[in-house]
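Single-structure report; data block below.
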Amino acid sequence: RGHRYKTIIISLLFPTQVMERNVDPEGTLLTFLRKNWTLLSKSWLLRLTGTKYACGRGGCGACTVMVSKHDPVSRKIRHFSVTACLMPICSLHGAAVTTVEGVGSIKTRLPPVQERIAKSHGTQCGFCTPGMVMSMYTLLRNHPQPSEEQLMEALGSNLCRCTGYRPILESGRTFCMESNSCQQKGTGKCCLDWGENDSSPLGKKSEICTKLFAKEEFQSLDPTQELIFPPELLRMAENPEKRTLTFYGERGTWISPGTLKDLLELKVKHPKAPLVLGPAMKSQGHFHPVLLSPARISELSMVTKTSDGLTIGAGCSLAQMQDILAERIAELPEEKTQTYRALLKHLRSLAGQQIRNMASLGGHVISQHCCSDLNPVLAVSNATLNLISAEGTRQIPLNEHFLAGLASADLKPEEILESVHIPHSQKWEFVSAFRQAQCQQNALPHVNAGMRVLLKEGTDSIEDLSIAYGGVGAATISAHRSCQLLLGRRWNELMLDEACRLLLDEVSLPGSAPGGRVEFKRTLVVSFLFKFYLEVLQELKKLVKLFSDSRHHSEVSDQFLSALEDFLVTIPQGVQTYQNVDPHQPLQDPVGRPIMHLSALKHATGEAMFCDDIPMVDKELFMALVTSSRAHAKIISIDVSKALELPEVVDVITAEDIPGTNGAEGDKLLAIDEVNCVGQIICAVVAETDVQAKRATEKIEITYEDLEPVIFTIKDAIKHNSFLCPEKKLEQGNVEEAFEKVDQILEGEVHVGGQKHFYMETQRVLVIPKTEDKELDIYVSTQDPAHVQKTVSSTLNIPINRITCHVKRVGGGFGGKVGKPAVFGAIAAVGAIKTGHPIRLVLDREDDMLITGGRHPVFGKYKVGFMNNGRIKALDIECYINGGCTLDDSELVTEFLILKLENAYKIRNLRFQGRACMTNLPSNTAFRGFGFPQGALVTESCITAVAAKCGLPPEKIREKNMYKTVDKTIYKQAFNPETLIRCWNECLDKSSFYSRRMHVEEFNKKNYWKKKGIAIIPMKFSVGFAATSYHQAAALVHIYTDGSVLVTHGGNELGQGIHTKMLQVASRELKIPMSCMHISETSTATVPNTIATAASISADVNGRAVQNACQILLKRLEPIIKKHPEGTWEDWVSVPLPLLLQMRKQSKPVLRQHYAQPSHTETVPLSVTVMENFLNQCAFLQGLGESGMFLGSSVFFAIADAVATVDIAEDFMVQSPATPERVRMACADRFTEMRPRELSMWIHTWQIPPAEGYSR
């Protein structure tokens, strides 16, 4: 007992045990996989970087792996997915861990799950793909032929920021049981099975294709070929050792007892030590020197079924609890399973699959979290906590006193939770659970509730009532006083009215309550009660024949039934069509064909190397940044002495260490005398490990003196006249004169919120100084390596030609990696020069989101003059954007916003004005759409308001005001609206828009509490930069004497497949297969002075450069080809030539308009159709990068359309994002207007719609 272990035994990848010594108790599985060189044999080492770091909080799924353990109860092997960033490495002793590398490899064996996600086009940047693969792989290990619902659940907590979920789900569906989920099933035919003579909504079968992959070509899934559970671990599990295992780290100790007796003794010895069973959640600055792990205690995982209830061990995971409850529900009569059904409902939406696999029931209960989804249900259901200690056992109720953390009702320091007893429900007892969150799954609730009522048998009189809420206070709140006052009351409208009054008095939320959303939460408190009231009425209706008296009982009107229906998580459905290539096109020509991403297979196997996957280089050091904690302050002093005293800390980099230019005026790389926002970089720590570097940042003491004013909002900036640049203005026609001649004038305001960057791969850079000539190699995740190169050059005061930037691939950018990577690259380069060591800088997700800014929030004011028929004669819009504390790209964003404000509408009299506000926030920057989505949302909101005033559908106003003939835009460019009109008409026709509109109207008439909306939005999106000098590119094409071709160009692979497209172009031009070609990386040494990969034109300009280079090379080969016409490509290029077979060519294609082109990033039911027989001759590859962003506005305006149908809805002020809170509070009703002090006035008939029953 107390045996000192320093070795952890797990199985990794193969059925071979891995013995890791000196395991850090604070370490996670992700750190172990990525940072450690793991000895798998005596001769070689392996660093497993396929498992990615993206969020560090278990919220994105990029680090998903499969853990396999032997279940001692069922004696079966249990496979489950976990997020490696939260899994303590010490908890895996005796477990088998399968990473994406262990599933398959392009070098050896590629199993179906990896093959299918790649060939189904389920990857773009590929950073999330290993996690997707592992979630799907774990599902298939447990269910070789899963249902679509199981597939959705398995992938529910895996985020993807660029591919969209449609192709990922399509790849998973190939494993699923056949389903009848076609959108056209109402017609009796699948939309893909229309005959030659049928009038298919997707166009002629011969010209239009929907098949992006051939399912019959995939290899079949053979479960017998998977790796077996390692026999060594099986023997360990079947004969578990009872000794206590202890792992000692630098700061803490992990103790894993083998018996319950040992655990209880340790709890006496270490009463403050927490029990860790599940994810290692980030502690809020609190360090525990001793951690106790009860993972090996089988008594804590026992499940006991009794006649009065179910006892579940505290060590059972939430996923196991789901299975236990589902099994018990199937066994018992419905009346006994009310509580179990309520718990199961919440478990399905609690966190994600990976977290549920790790988190324990005991941990969830004991945490007493204010937003706990299970505790409110357990509390109202009279659950009991079974406690155990060295002194014995005792039981305490899981009630309001326990949830409030009262010492008299809580665990004693030496006690642990052994199990939770959940009693059966009984006849005439009804239990329900409710929650409202930002989204249905994987999100903390704003408010949740558990409610239970027991009615006197045969009546509707309340015998017992319990209501508990989460999210409305510091702990779960039980409305005990209100419930007691309602005992004996009948379950009718008078009771409901009284209950609402009592609840709002007892569950009080002051206006300053933490978390805000006070009015929304108050509304949810009574809304949940109302829904529970209706649910019980419906159940009573089923039991009405058993009533012993003849009294009248309330019933639910048909109009209110929709309130009882939950919004179910449905399987996304969609169809993507594209035009077939010409049948005469050579089979070798890949242009126009659905070619798989060049790196797709490597994405799927984890072998695609990203910046931080590069192996550690000799003498490499790590850097961590120190940022400001004040929004506007003067720096008095910076004390780094305590940080330098820490072991392994090498140096602290400040502004004084910069040999060249410290950024620009007003936008310093490292702050000197003043900080202008929270998150501004002040200095950086360099240490031997990333852990020590981060710890050292906490030891740096900075003294501030606060300055005024502190400006956060656009409103404050306008008040203080705080702007970053001069006003931008465009005007045409005579606006004032037009306003005098219109029938109506309408003014309004639109608020568009910002958006934080969340590319899956955080900002990261590796700087390697060379030994001579001050040369630097910089490996960086960026959209603009040339900008990084120039910034580092000016910062270090060395020539640009000494610096080479390399970009292999980027894990998502969206504009956030245009400017900021240069800042991080320059700071890391200063550290590399000062220390003489390579420097690796990888931002945590928290730092990334704090420092880098995002999409600009916009405040727009419009004044529109229009005729009664909806024709707009004059439009005056003024927009303010929140630029943050420095200029960054705010001036350009303002210009683009103003230039594109007219969208698809020809209005003769326009005035557009824009200002960029300077505030004390991190500088906002480029983001997909670059101002257009915000500006167009203002314009479309104005159009929607005009439609409401005219009493016409919004689509009619849009159609009336669209461009109709060739005309000039507000920026004086000739524009032909032919394709715009064609797109609009085809969308109306193929979507059956007007019949859907009728269906929506009919639905809304019949349903009071649930509404539908529909919207169609036109879009005219111009691609490119503001300056034509940016519309250039260069390519370098090498033809080697063996026939292979190396292509290099100035574009960066962000996931958009630019390298794949470039090889398609080169293949067509050189008339050789893509398999003969290769692209290695983007490098400033091969293609200099490049432009940023942005503005939706990179494929166009670089494609033209590659095309021109290939044409010139082919022309040089013409004499040889003519001389040897029967020869092969290899024959021709092997002939010695007097010229070098390489060419660099620049191209400047004309900036053109591209219209409403499709994007496959939608996650709602969707049909994407590319217009037939349309080719823009001036554009090379039909740039689509940013245009798809605004397509999502149709969902926003459909929500607005639904809100507008609410009988007593207030004038809907369009605000983006349309959060649940904003949408709910826009639908004004009796619940939104309730106030505790006003409730004496609220006596009314609940089943009469408000418009008929009373006036506000």
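For all residues, glycine too, the Cβ spot is worked out from N, Cα and C.
The annotation domain '2Fe-2S ferredoxin-type' is assigned in TrEMBL to 8-103. Marked as [2Fe-2S] cluster 2 binding site by TrEMBL: Cys125, Cys128, Cys160, Cys162. The domain 'FAD-binding PCMH-type' annotation in TrEMBL covers 247-427. Summarising the annotation, TrEMBL assigns Mo-molybdopterin binding site to Gln783, Phe814, Arg928, Ala1095. Annotation source TrEMBL lists substrate binding site at Phe930.
Neighbours of Gln783 (Mo-molybdopterin binding site), defined as other CB atoms within 10 A of its CB across all chains, total 26. The binding-site residues considered are Phe814, Phe930; of these, Phe814 has the fewest other C-beta atoms within 10 angstroms of its C-beta. Rounded to the nearest whole angstrom, the C-alpha distance between Cys160 ([2Fe-2S] cluster 2 binding site) and Gln783 (Mo-molybdopterin binding site) is 19. Reported as a whole number, the C-alpha separation between Arg928 (Mo-molybdopterin binding site) and Cys128 ([2Fe-2S] cluster 2 binding site) equals 19 Å.
Neighbours of the [2Fe-2S] cluster 2 site: apart from Cys125, Cys128, Cys160, Cys162, residues of the same chain with C-beta atoms within 8 angstroms of the site's C-beta centroid are Thr123, Gln124, Gly126, Phe127, Thr129, Leu159, Arg161, Thr163, Met760, Gly811, Gly812, Gly1055.
Looking at Phe930 (substrate binding site) and Ala1095 (Mo-molybdopterin binding site), their Cα atoms lie 8 Å from each other. Between the CA atoms of Cys128 ([2Fe-2S] cluster 2 binding site) and Phe814 (Mo-molybdopterin binding site) there is a gap of 15 Å, rounded to the nearest whole number. Set side by side, the binding-site residues Cys128, Cys162, Ala1095 differ in how many other CB atoms lie within 10 angstroms of their CB, and the most is found at Cys128. Annotation for Cys125 ([2Fe-2S] cluster 2 binding site): spatial neighbours Arg161, Cys162, Thr163, Tyr759, Met760, Glu761, Arg809, Val810, Gly811, Gly812, Leu1054, Gly1055, criterion Cβ-Cβ under 8 Å with sequence separation of six or more. Each of the binding-site residues Cys160, Arg928 was ranked by the number of other C-beta atoms within 10 Å, and first place falls to Cys160.
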